[in-house]
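According to Swiss-Prot:
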TRANSMEM  28-48  transmembrane segment
TRANSMEM  54-74  transmembrane segment
TRANSMEM  100-120  transmembrane segment
TRANSMEM  122-142  transmembrane segment
TRANSMEM  149-169  transmembrane segment
TRANSMEM  176-196  transmembrane segment
TRANSMEM  222-242  transmembrane segment
TRANSMEM  243-263  transmembrane segment
TRANSMEM  280-300  transmembrane segment
Amino acid sequence: MAKPLSISSHPSVHLAWRAYFEMTKPKVVALMLLTVLVGMCLAMPTILPVKPLVAGLLGIAMMAGSAAALNHLIDRRIDGMMARTYNRPLPKGRVSATRALLFAALLGCLGFVILYVFTNPLTAWLTFASLIGYALIYTAYLKRATPQNIVIGGLAGAMPPLLGWTAVTNQFHGHALLLVIIIFLWTPPHFWALAIHRRAEYAKVDIPMLPVTHGVEFTKTCILLYTILLAMACLLPVLVGMSGPLYFVCSSLLSTGFIYKAWQLKYQDSEGLAMQVFRFSIYHLMLLFMALLLDHYLWA
């Protein structure tokens with residue numbers, strides 16, 4: 001007698017969907033899309049046109065998800081050896097390397113077509129360059145080659161505000177580059193704080209993160225210096241007349257908080273401070289760009 005079919009006797013479609021979704025790093029992409037949206041809004045003195053808004057966000061999100069999936073694919077060996085990442089879909093065998101590559105290629109191609117057709121070729125090619133910068137230049141080479149991997153590779157991750165700007169204007173602007181500078185300077189202290197917390201794991205898999213190659217104390221000093229540089233960069237939108245009083249106040253408070261956390265990390269020997277700095281940096285960037293957005297509409 002034939003055995004009745006049951007959901008448990010086949011791979012779960014729901015679990016498979018979740019595995020592919022996880023490979024796109026949705027939380028990272030969500031924060032990135034906030035910076036894209038802010039770039040779009042600051043580029044326009046009026047309400048955003050619907051077509052480049054929707055197509056731009058969708059296309060950029062898809063290509064960012066593609067880059068994240070390629071990151072999962074390239075890092076699958078070291079991910080399986082680190083406590084933070086061992087449960088990812090590829091190390092656990094929930095997705096094969098071939099399917100991960102096909103998924104990343106499909107997602108990236110669809111995103112590129114959407115951007116090229118419904119926004120403009122400039123944004124499509126800039127987003128493609130960011131994908132190559134993150135997935136191939138940073139993940140496949142820089143990450144394993146130099147302790148300055150985050151600094152050099154951070155440029156690709158700093159591009160989203162510029163992508164948002166070009167999506168609605170089809171041109172470069174100096175104001176968009178200011179936003180790129182802010183994220184570029186934010187990236188090293190954000191990742192170095194995590195690298196301090198996970199130093200032993202990075203050393204185990206031979207990834208030359210700064211705390212591994214130069215020591216924790218040197219890295220703490222670099223984090224503090226970068227937060228000071230970041231605080232100065234965060235004032236640039238005010239100095240060039242791009243933003244007003246609301247942003248100035250919010251930026252000053254956030255920068256003070258970030259510097260204070262970095263100072264604590266440097267001069268207080270307390271367990272868990274590195275992860276506190278890491279988490280604070282996420283809120284810092286999110287709230288900073290929300291302040292840019294609110295200021296733009298309240299003081300326009």
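Just so you know, glycine gets a Cβ as well, placed from its N, Cα and C.
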Close approaches to the transmembrane segment (149-169) from elsewhere in its chain (Cβ under 8 angstroms; 6 or more beyond its ends): 32-33, 35-40, 42-44, 48-49, 52-53, 55-56, 60, 64, 115, 119-120, 122-123, 126-127, 129-134, 137-138, 142-143, 175-177, 179-184, 187-188, 191-192, 195, 208-210
Recorded stretch, among 28-48, 122-142, 176-196, 280-300, maximising Cβ pairs under 8 Å relative to the transmembrane segment (54-74): 122-142
Residues of the parent chain within Cβ reach of the transmembrane segment (176-196), under 8 Å, 6 or more residues beyond its termini: 35, 38-39, 42-43, 150-151, 154-155, 157-162, 164-166, 202, 209-212, 216, 219-220, 222-223, 226-227, 229-230, 233-234, 236-237, 240, 242, 258, 262, 265, 274-275, 277-278, 281-282, 284-285, 288, 292
Touch test for the transmembrane segment (280-300) and the transmembrane segment (28-48), at least 3 Cβ pairs under 8 Å: yes
